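A.B. asks: Can you keep this structure in mind? I'll have questions shortly.
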Amino acid sequence: MIILASHSPRRQELLKRIVPDFESHPASINERALPVLDPPAYVQSLATAKGQSLVPSYPGATIIAADTMVAFQGKLLGKPHDRAEAKQMITALGGQTHQVYTGLWVRLDNGSVRQQVVTTDVTFWPLSEADVESYLAEDAYQDKAGAYGIQDAGALLVKSIQGDFYNVMGLPSSTLYRMLLAEPQ
């Protein structure tokens with residue numbers, strides 16, 4: 001049995017490409033209770049907490065947990081609370097390079113645990129006020145770290161990426177695939 005510690009439609013879609021048969025169960029953790037560390041350490045601690053919270057309910061299962069955050073100039077950009085916050089984020093990212101971090105935590109059915117943080121650099125085009133307003137009108141910023149989804153209207157903001165495209169979507173598939181292999185890495 002494989003458990004994905006998330007109800008994210010994007011993560012489910014990406015995991016189906018690797019593992020066609022799994023169950024999705026969100027982890028119930030208090031993210032605010034965890035100390036905010038540097039971005040890579042923070043996403044790893046969140047993924048670990050999510051995964052570990054499901055171990056008692058699924059002791060013999062393979063559990064996959066992930067957490068993705070956007071960081072710009074050392075500051076974490078989570079999901080915007082409203083349109084105004086999304087506008088601030090997108091405006092700040094215009095013409096700049098930022099990082100997308102995903103912490104992965106995998107507990108295999110044999111009990112071994114694997115962890116990894118994947119980083120992707122994303123560069124946005126310079127954005128005019130009209131560009132930002134046009135993007136915000138799509139409402140594609142909702143429920144997205146950094147106020148954009150590269151698989152949606154946010155793709156029009158992106159000039160280039162360096163690293164794993166699927167990491168920006170929330171689940172670095174090729175890295176996860178290798179973590180799921182039975183052999184040590």
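Backbone N, Cα and C atoms are what each Cβ position is placed from, and that goes for glycine too.
As annotated in Swiss-Prot:
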type	residues	note
SITE	Arg10	site 'Important for substrate specificity'
ACT_SITE	Asp67	active site, proton acceptor
SITE	Thr68	site 'Important for substrate specificity'
SITE	Gln151	site 'Important for substrate specificity'
A.B. asks: Counting only residues 6+ away in sequence within the same chain, which have a CB under 8 Å from the CB of Thr68 (site 'Important for substrate specificity')?
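C.D. replies: Correct list: Val43, Val100, Tyr101, Thr102, Gly103, Ala145, Asn167, Gly170, Leu171.
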A.B. asks: Between Gln151 (site 'Important for substrate specificity') and Arg10 (site 'Important for substrate specificity'), what C-alpha distance do you get in Å?
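C.D. replies: Cα of Gln151 (site 'Important for substrate specificity') to Cα of Arg10 (site 'Important for substrate specificity') measures 9 Å after rounding.
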A.B. asks: Select the most exposed residue of Arg10, Asp67, where exposure means the fewest other Cβ atoms within 10 Å, treating these as the recorded positions.
C.D. replies: Arg10
A.B. asks: Using a 10 Å cut-off, grab the number of neighbouring Cβ atoms around the Cβ of Gln151 (site 'Important for substrate specificity'), all chains included.
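C.D. replies: That number is 17.
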A.B. asks: Measuring Cα to Cα, how many Å separate Arg10 (site 'Important for substrate specificity') from Asp67 (active site, proton acceptor)?
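C.D. replies: Cα-Cα distance, Arg10 (site 'Important for substrate specificity') to Asp67 (active site, proton acceptor): 12 Å.
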A.B. asks: Looking only at DSSP and grouping its letters into three states, which state does Gln151 (site 'Important for substrate specificity') belong to?
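C.D. replies: The three-state answer is coil.
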